[in-house]
């Protein structure tokens, strides 16, 4: 079974842990308890293929920056999360993406931009178009708005990253073997 190392990044309080726990355990964590670093494993089926996801739920961008290079180096796919209710969390992601590209030393990194807390429409300050425009600037990066509370696009975030990783590095043994016939 293929393993996938996914990393959830973003500012403090955007809902990184809420999204991760909702995906892995199916529960919504109401209270804010700042994360240092949590790792979760979940087996899922994506496009008929069994996958073991290792999801690293990271500290907010303003804390524990020394650890960040290491999990950027080891991660295969990245969810960059902001809150639609806080402009600063959206603005913080540009530096984060640049850091990932620098550590990975490539522009082709499986990544998804996630506008979280879309259930709080009346508190929205970051428009959906802003997210779509930023995703376009980022080489047509995937983009979703989500809500851990309302279970909107939670699974899709992680499944999309798996699909991106599969496109970038196809599953070994999945391609049809070429058979040859030798006449002697």
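Note: Cβ is positioned from N, Cα and C throughout, glycine not excepted.
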Of the residue ranges 5-13, 14-22, 23-31, 32-40, the one that Swiss-Prot records as motif 'Effector region': 32-40
Three-class DSSP secondary structure - residue 16 (GTP binding site): helix
Close in space, distant in sequence - residue 13 (GTP binding site), Cβ under 8 Å, 6 or more apart: 32, 60, 83, 86, 89
Three-class DSSP secondary structure - residue 58 (GTP binding site): strand
